[in-house]
């Protein structure tokens, strides 16, 4: 390769054919993005620089990138970044790749904050951004559906909540004690459809005696790249502060680096290492948040075996596997929410499409109200919203 003159066009064509022969479903698009990442050119600039020779350093980097892609590694890991709403975030192996569907979770949180806390003008509704890896996300969703259909004859049995579901979430200062009256059945009979009506509208929250609209406080559990908290802080700059927690040190490190790269203050996105809510101070932080938002591990364990190669073999299982019915972590978040949130605060979680009704029932059994299920961009149930107090 290095002994010949390789122009951008020649490299693009060769890479496209090579990836196509190895099963890449969108080989030209993959080739464009790999070239863009290696050369620093936009995809448009690639086409107006077809005759530009590539340097030996670029060819070496391209060779490494193509080999990784041919093995099925996600483009986001190879390129090292992805777009999420209005920001770009770095992506690295060991940390979950942000999905387009999670952008809707941020949309719902911002809508609640605008309406109930900070009084901002409603944001313009955003459509789904077409990115080259959207096809991979869709393939993962289709695999989940196929696996679920295979198990139609033997559906996952929803167990009753155990006592330890309402015991401490973590030993130490951040532990949550058993919630009085929270015990209930995960499989409550009756409809789990979306409640009629919308969240009741109220005046923006005010801070003490000053009468000033206060800054919103958001708690994110399982922050990964930090994309959720960083988007909220970026899009509501000066009006929302986030505490973002993750149990994975690599995720915490990446979130901090993404925060610094975006020029967001640590005061606006405070990233912490810990399990669930354990890094929070019981005396000064419990009960101070307006929103608890999470994209927790939610793939049912049985479905994990059917995930596409590029997901199963490259993304961290810790961030994907949600237990037998995908709701293991969600149950603990439901228990935590009344302790973390102000009265009227919002719990917002992205979950596995087949278990949103069960998740909604869990919220109701814990005494939450105004429970809603929101569909994603593909029309599948994806997000549960519920108010506490």
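Using N, Cα and C of the backbone, Cβ positions are placed for all residues, glycine too.
The domain 'Release factor glutamine methyltransferase N-terminal' annotation in TrEMBL covers 12-80. Annotated region 'Disordered' per TrEMBL: 176-211, in sequence order. Marked as domain 'Methyltransferase' by TrEMBL: 217-349. For 222, 223, 224, 225, 226, 246, 295, the entry in TrEMBL reads S-adenosyl-L-methionine binding site. According to TrEMBL, the feature substrate binding site maps to 295, 296, 297, 298.
Note: the Cα of residue 225 (S-adenosyl-L-methionine binding site) and the Cα of residue 296 (substrate binding site) are spaced 13 Å from each other. Averaged over the domain 'Methyltransferase' (217-349), the predicted model has a pLDDT of 96.
For the pair formed by residue 296 (substrate binding site) and residue 224 (S-adenosyl-L-methionine binding site), distance between Cα atoms is given as 10 Å, rounded to the nearest Å. Taking the binding-site residues 222, 224, 226, 296 in turn and counting surrounding C-beta atoms within 10 angstroms, the largest count is reached at 226. The two recorded residues residue 223 (S-adenosyl-L-methionine binding site) and residue 298 (substrate binding site) have their Cα atoms spaced 14 Å from each other.
The two recorded residues residue 298 (substrate binding site) and residue 226 (S-adenosyl-L-methionine binding site) have their Cα atoms spaced 18 Å from each other. For residue 295 (S-adenosyl-L-methionine binding site), applying a Cβ distance below 8 Å and a minimum sequence separation of six or more within one chain yields 102, 105, 222, 224, 228, 349, 350. Highlighted in sequence order, 95, 96, 220, 227, 228, 229, 244, 251, 255 have their Cβ within 8 Å of the centre of the Cβ atoms of 222, 223, 224, 225, 226, 246, 295, the residues recorded for S-adenosyl-L-methionine, and are not part of that set. Within 10 Å of the C-beta of residue 223 (S-adenosyl-L-methionine binding site) we count 29 further C-beta atoms, all protein chains included. Around residue 246 (S-adenosyl-L-methionine binding site), the C-beta neighbours below 8 angstroms that are at least 6 residues distant in the chain are 222, 223, 224, 252, 255, 271, 273. On its own chain, residue 297 (substrate binding site) has 222, 318, 319, 320, 321, 322, 323, 326, 328, 329 as residues at least 6 apart in sequence with a Cβ closer than 8 Å to its own Cβ.
Shown in sequence order, 222, 294, 299, 319, 320, 322, 326, 329, 330, 349, 350, 351 are the same-chain residues outside 295, 296, 297, 298 whose Cβ sits within 8 Å of the Cβ centre of the substrate site.
Using a 10 Å Cβ-Cβ cutoff, residue 298 (substrate binding site) registers 26 neighbours. Across the residues the record lists as binding S-adenosyl-L-methionine (222, 223, 224, 225, 226, 246, 295), the two Cα atoms farthest apart are 12 Å from each other.
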